[in-house]
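Down below is the structure, laid out as structure tokens.
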Amino acid sequence: LTCVTGKSIGGISTEECAAGQKRCFKKWTKMGPKLYDVSRGCTATCPKADEYGCVKCCNIDK
């Protein structure tokens with residue numbers, strides 16, 4: 001499985017997931033008005049969102 005770890009003007013960066021990590025995730029955490037910290041990567045289980053964030057998981061490549 002290959003997951004996106006970042007997006008920028010230059011394109012996307014990806015990572016090959018380790019054995020046992022069969023899901024990709026994208027997590028947003030609100031830092032301020034219209035300002036979010038976004039993290040992406042591989043995971044074994046979908047992480048939980050905190051009160052200021054949102055998480056989306058999938059089990060497909062990129």
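Numbers run from 1 along the shown chain.
Backbone N, Cα and C atoms are what each Cβ position is placed from, and that goes for glycine too.
Marked as disulfide bond by Swiss-Prot: Cys3-Cys24 (among others). A 10 Å cutoff on Cβ-Cβ distances gives Cys24 (disulfide bond) a total of 25 other Cβ atoms nearby, all chains included.
The Cβ neighbour count for Cys42 (disulfide bond), using a 10 Å radius over every protein chain in view, is 19. Look at Swiss-Prot and you will find Cys17-Cys42 (among others) tagged as disulfide bond.
Cys57 (disulfide bond): 13 other CB atoms within 10 A of its CB, across all protein chains. The disulfide bond annotation in Swiss-Prot covers Cys46-Cys57 (among others).
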Inter-residue Cα distance where the pair is Cys24 (disulfide bond) and Cys57 (disulfide bond), in Å: 6
Spatial neighbours of Cys17 (disulfide bond), counting only the disulfide-bonded residues Cys3, Cys24, Cys46 and Cα distances within 10 Å: Cys3, Cys24
